[in-house]
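Visitor: Structure below; questions to follow.
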């Protein structure tokens, strides 16, 4: 049985906030420039830790296991380590992890058998609205479940190697395919629920990794999920990755944004 890995980029501030983590895309390819204008880079103390998705000018969606006491985001970036005039930096004024996410799981070095990692999503309220431009654009939430066998695109600046953390400069993309959740239930000891999506990478030695957590899963042109958990090491051939199924959370997302506008 494969160990689970959270796609978070580092052990935060000496706090054992997550199991050993990996968050890059292994076996991906350089995304076409500005092709993912909703892609967000989440930072903690100037260090990239997670991905995210811009939902509107004031809100970013990411993974609950990316929670830290204070963070900031970069929007409109293509290259992680380069200054880009079109990129925008915003502080996060408040974080809203989903109340159903079990934060105590982040204290484990390895997730225990039967652990329920459901509800792994979090909203970030920006301190200043994003400027919508050609390279910074929000993406709509899904309105219906994705179809099985859909071809999906995942993107992020997570590690590009499975066992040694190596961040890419260029935003990485990777194609993956939606599977029945039963496939993930067979591959993992944790509980697999209907608020999760299960994917298999199209090719060997591919998959999201450390730093990709919270990044978008786009299926047939529609945002359907955010990166959650996967095998350790990343990109094990034939082993599925798990994403948060966003259509299940439309009400919570919209209510939280409205009540904290």
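Yeah, the Cβs are placed from backbone N, Cα and C, and that goes for glycine too.
Residues or ranges marked as active site, charge relay system by Swiss-Prot on the basis of similarity to another entry: 65, 120, 213. Annotated disulfide bond per Swiss-Prot: 31-173, 50-66, 152-219, 184-198, 209-234, in sequence order, evidence recorded as sequence analysis. Under the heading domain 'Peptidase S1', Swiss-Prot lists 25-258. Summarising the annotation, Swiss-Prot assigns N-linked glycosylation site to 102 and lists sequence analysis as the type of evidence. The annotation signal peptide is assigned in Swiss-Prot to 1-18 on the grounds of a curator's inference.
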Visitor: Going by DSSP, is residue 184 (disulfide bond) part of a helix, a strand, or coil?
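Guide: In the DSSP reduction, residue 184 (disulfide bond) maps to helix.
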Visitor: Which of 102, 213 (the recorded positions) has the most other Cβ atoms within 10 Å?
Guide: 213
Visitor: Between residue 66 (disulfide bond) and residue 213 (active site, charge relay system), how many Å separate their Cα atoms?
Guide: 7
Visitor: Hey, which of the disulfide-bonded residues 31, 66, 152, 184, 219 is the loneliest by Cβ count within 10 Å?
Guide: 31
Visitor: What count of other C-beta atoms do you get within 10 angstroms of the C-beta of residue 209 (disulfide bond), across all chains shown?
Guide: 37
Visitor: Any idea what DSSP makes of residue 209 (disulfide bond), helix, strand or coil?
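Guide: Coil, per DSSP.
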Visitor: Counting across all protein chains shown, how many other Cβ atoms sit within 10 Å of the Cβ of residue 198 (disulfide bond)?
Guide: 24
